[in-house]
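Chemist: Let me give you the structure first, and then I'll get to my questions.
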Amino acid sequence: MSFPADSVGLVTPQKFQFEEPLHLECGRVLPRFELMVETYGTLNADKSNAILICHALSGHHHAAGYHHEDDKKAGWWDSCIGPGKAIDTNKFFVVALNNIGGCSGSTGPTSPNPENDNRPYGPDFPLVTVRDWVKTQAMLSDRLGISVWYAVVGGSLGGMQALQWSVDYPDRLQKCVVIASAPKLSAQNIAFNEVARQSILSDPDFHHGRYLENDSYPKRGLILARMVGHITYLSEEAMKQKFGRDLKSGKFMYGFDVEFQVESYLRYQGEQFSRNFDANTYLIMTKALDYFDPSREYGHSLTEAMSKTKCQFLIVSFTTDWRFAPSRSQEIVDALITNHKPVSYLDIDAEQGHDSFLFPIPLYVKTLRAFLGGEEHLKSTSLEAS
């Protein structure tokens, strides 16, 4: 297969093993853990050009390129990562990973539990938080010999991780890019997550999370959970333009099977997702979203939480994103401005809703490229650091 000129091409994931115990916010300890990682580009001599990519709820380490010659689909953010793209791999060394609790190679519910005869953790896997993820990412940074990230970048739940980095490790990143995100979930967002979780928990095939041991899988519950989530990722206008009230067969069938194109789309998305994602992981990821609130330890003051940050910020929102509306990004911006922190903010007119952050929207790409800068900017920041 001939890959596009601006693709990173074939990539091979790497597994990093950490033998030291990981103490989690929930009070439990993972005796050891593994992280699945992909890297793109080349780390320069002084290790000043490294960018960390943090993934969203259903994301993973495969952010760009292809795993096989016959792959039809590239990594989840291939539109922005590659030679000459917004995150230019000719200039930057890009690191993407699958967080713990995930189901794409890092230690999670499907991994063997050393304290239970190496049976899958299943529901015994501890609940993890965004702070736990950032802690493991910092450990990965140490393993790679990267003391300071040039930038930490993320969209949605990934943006929350980037924001947590700026609070927990203010001396270890120069730039923070928070896209289509929020400083904490609203009651409405927590409600959406609870409906998704109940869809899984109430599936008879869930077996209290021990479905692998029972040779079953809560497919129906996971399909419903994804359908609910997908509705919130798209804007009303995007759904109107994509589907309208179009019928699959062109006429009413007067039944409960699929009739409207939007129904067909949601069922297809749910079906595809259920084949590739673990139900226990979905539960863990949504709880991590619910728990995220960096202001909680600062008297519930986001302004106070952001007071010790030292990096430059780019905050991006999208006009039709109603899952994490622009007003939520503006809360972050206001807290930074109050603290006299360097921040750039852009609310981009886009019709794709929350999923806009995954698309190569021209102004979005241009802004991201400009904020990250290029080789000349890397030289100047390296001189400043020395």
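Quick reminder: no glycine exception, Cβ is built from N, Cα and C everywhere.
For reference, Swiss-Prot lists these features for the protein:
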{"type": "DOMAIN", "residues": "49-358", "note": "domain 'AB hydrolase-1'"}
{"type": "ACT_SITE", "residues": "SER156", "note": "active site, nucleophile"}
{"type": "BINDING", "residues": "ARG226, ASP355", "note": "substrate binding site"}
{"type": "ACT_SITE", "residues": "ASP321", "note": "active site"}
{"type": "SITE", "residues": "ARG323", "note": "site 'Important for acyl-CoA specificity'"}
{"type": "ACT_SITE", "residues": "HIS354", "note": "active site"}
Chemist: In whole Å, note down how far the CA of ARG226 (substrate binding site) lies from the CA of HIS354 (active site).
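Modeler: Cα-Cα, rounded: 15 Å.
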Chemist: Please report the Cα separation of ARG226 (substrate binding site) and SER156 (active site, nucleophile) in Å, rounded to an integer.
Modeler: 16
Chemist: 10 Å Cβ neighbour count around ARG323 (site 'Important for acyl-CoA specificity')?
Modeler: 23
Chemist: May I ask for the distance between SER156 (active site, nucleophile) and ASP355 (substrate binding site), taken between their Cα atoms and rounded to an integer number of Å?
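Modeler: Cα to Cα, SER156 (active site, nucleophile) and ASP355 (substrate binding site) are separated by 9 Å.
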Chemist: State the mean pLDDT for the domain 'AB hydrolase-1' (49-358).
Modeler: 96
Chemist: May I ask which residues of the same chain, at least 6 positions away in sequence, place their Cβ under 8 angstroms from the Cβ of ASP321 (active site)?
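Modeler: Looking at Cβ-Cβ distances below 8 Å from ASP321 (active site), excluding near sequence neighbours, one finds ALA180, SER235, GLY353, HIS354, SER356.
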Chemist: Quick one: pull the CA-CA distance for ARG323 (site 'Important for acyl-CoA specificity') versus ASP355 (substrate binding site), whole Å only.
Modeler: 10
Chemist: Need the DSSP three-state call for ARG323 (site 'Important for acyl-CoA specificity') to compare against my parser.
Modeler: coil
Chemist: Enter the number of other CB atoms within 10 angstroms of the CB of ARG226 (substrate binding site).
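Modeler: So the Cβ neighbour count for ARG226 (substrate binding site) comes to 23.
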Chemist: For HIS354 (active site), list the number of other Cβ atoms lying within 10 Å of its Cβ atom.
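Modeler: HIS354 (active site) is surrounded by 25 other Cβ atoms within 10 Å.
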Chemist: For SER156 (active site, nucleophile), what is the tally of other C-beta atoms lying within 10 angstroms of its C-beta?
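Modeler: The answer is 27 other Cβ atoms.
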Chemist: Note down the number of other Cβ atoms within 10 Å of the Cβ of ASP355 (substrate binding site), including every protein chain shown.
Modeler: 22
Chemist: Translate the DSSP assignment of ARG226 (substrate binding site) into the three-state scheme.
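Modeler: Where ARG226 (substrate binding site) sits, the three-state DSSP reduction gives helix.
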